[in-house]
Structures are given as structure tokens and as C-alpha cells.
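Novice: Copied straight from TrEMBL:
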type	residues	note
DOMAIN	20-240	domain 'CWH43-like N-terminal'
TRANSMEM	20-45	transmembrane segment
TRANSMEM	110-133	transmembrane segment
TRANSMEM	145-165	transmembrane segment
TRANSMEM	186-201	transmembrane segment
TRANSMEM	213-236	transmembrane segment
Amino acid sequence: MLQGPYSSLDRDRPLVRLPFTSFAVVTVLLPLTGLIACLFISLIYHFEDSTYTHCQVSNYLPSISSAISRVPERYVWRCCIGLHSAPRFLVAAAYFSFYRGRFASRLPELLLSGLALLCSLAENTGLLLLTYVSSTETYSVHKNGFITFIASSLLHMLITCRLWYVIRRHYVNQEEITSYRWKLRLFLFNISCCAAAAYFFRRHNKYCEDGVYTLFAVFEYLVVFSNMAFHMTAFWDFGSKEVMVGTAPEDKRY
């Protein structure tokens, strides 16, 4: 049997050990910095193309779909979302495990926990779909990915707020109360921005007025930023936890 350079004690130590707070911040910063970079590049180098619509009226900001569909923006965005997606799946599983522990004897909340997991997975899958199939490549696929992302995101937020409302009623942890309050505020802000974005998008397509598509773009940005902030509340939910990557023990018998 070959002997490696490490003792069994070294092998049992985690390869990576990271506070969950740092893990959450990095996970949210990836899409945030990616989006800001794409918007900046689009405005500086592709302003005319990124703000053009079929109405051919004056607009001053690109939509997100337009900002991430050109080169090099699409590669910046794809890189950030690709790195961001794996931790998001991990956090979805962590929340499901957390809810199962809290609601072991409450069937309605357990069922909602499972639905929250499915919505979280669908949200992340929709984000990957709209990211890797840009609007300039296959518009219908990109559109369906965007609809999946928005619909599952809103449903996930709604279910999460309901679950944390129950948690707040039965537990007195101050961090959990703070988390619930911010979740509720961000959900209400997010759904309001979604409604405003839908209104300005429809108005732009119907009346083709100057600057209306810019208002749509502003509210679209706010939808995405508030979505990121909502997921950032995991900072309070798992603040005392750590993310560890380790190796499986070699001497176990199964």
C-alpha cells in the first residue's frame, strides 16, 4: 500500500473551511459585480446597440438581456453566473435541511419546505438558461428562462416569508427576527418592482414613447438587485455556520 505524504490526522482535516458569512458575501458579489461590469461595458462601448429597440425611440439604459448578450459582456456574465450557481444549489440544500429540522412535526411547513427547494432549484436553473442562451442567439429559449427565473423567484420568496413567519412566532432568536423582517421587506419591494417593470415594458411596446424603456430597465435592475439582497439574508440565517470541504475517511468498511 502506497503511503502519502500526509498522516491520517491530516487526511481527516477539512481541505477548505470557510465561515458561511464570507461564503454568502462571495456568492452574492459574483452576479452583482458581473452585472455592474456588463452594464458599464455596454454603456461605454455598445451604447447604441444595447439601447436600441424596435420602436427606434430615445433610450438611455440597456435592459439586462441586452447588456449580457454582446461580447465581451456575455463572457463576463457567464463566468460570474457559472461560479455563482454551484454555491446557490448548495444553499438551497442547506435551507431544506434547516427547515426539516425546524418543522419535523409540522406537515404543512414540511410540504412548503419541499416546494421552496423546488422553486429555488427552478430559479437557479432559469438563471443559468437565460445566461447561457442570450436573447441574440435563441430569443424564445432566453425568454422562457427569464420567465422561469422570475416566476420561481417570486414564489420562492413568498414561501420563504411564510416559513419564516412561522419561525418568528415560535422562536425568539433576534437574528432570525431580523432576517424575517428583511425578507418580507425585500419581497414586497421586489414584487412592486416587477409590477412596475411589466407596466413600463407593456407601455413601451404599445406607445413607443421616449425614455419609457429606460424606466423599464431601471425597475428591472431593482428586481435583480433586490433578489440578490433577499438571498443575502442567509448571512443571518447561517451566520454561525461554516462551509467545509473534506475527504472521505479511507479506512471505513461498508
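Cβ from N, Cα, C; glycine included.
Bear in mind that TrEMBL entries carry predicted annotations, made automatically and left uncurated.
What's the neighbourhood like for these features in this structure?
Specialist: For the domain 'CWH43-like N-terminal' (20-240), the model gives a mean pLDDT of 93.
Sequence-distant contacts of the transmembrane segment (20-45), counting only residues of its own chain at least 6 positions beyond either end whose CB sits under 8 Å from a CB of the stretch, comprise 61-62, 64, 66-68, 70, 72-73, 76-77, 79-81, 83-84, 87-88, 91, 221, 224-225, 228, 231-232, 234-235, 238-243.
Residues 65, 99, 103, 109, 112-113, 115-116, 119-120, 122-123, 125-131, 133, 176, 179-180, 183-184, 186-187, 190-191, 194, 223, 227, 230 of the same chain sit 6 or more residues outside the transmembrane segment (145-165) yet have a Cβ under 8 Å from a Cβ within it.
Only residues 6 or more beyond the boundaries of the transmembrane segment (186-201), in the same chain, are considered here, and those with a CB under 8 A from a CB of the stretch are 150, 153-154, 157-158, 160-161, 212-213, 215-216, 219-220, 222-223, 226-227, 229-230, 233.
Counting same-chain residues at least six beyond the ends of the transmembrane segment (213-236), those with a Cβ under 8 angstroms from any Cβ of the stretch are 20-21, 24-25, 27-28, 31-32, 35, 39, 51, 53, 55, 57, 59-64, 88, 91, 95, 150, 153, 157, 160, 175-176, 178-179, 182-183, 186-187, 189-190, 193-194, 196-197, 200-201, 204.
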Novice: Quick test of the contact rule: Cβ under 8 Å, at least six residues beyond the ends. What residues does that give for the transmembrane segment (110-133)?
Specialist: 65, 68, 77-78, 81-82, 85, 88-89, 91-93, 95-96, 99-100, 103-104, 141-142, 144-150, 152-153, 155-156, 159-160, 162-163
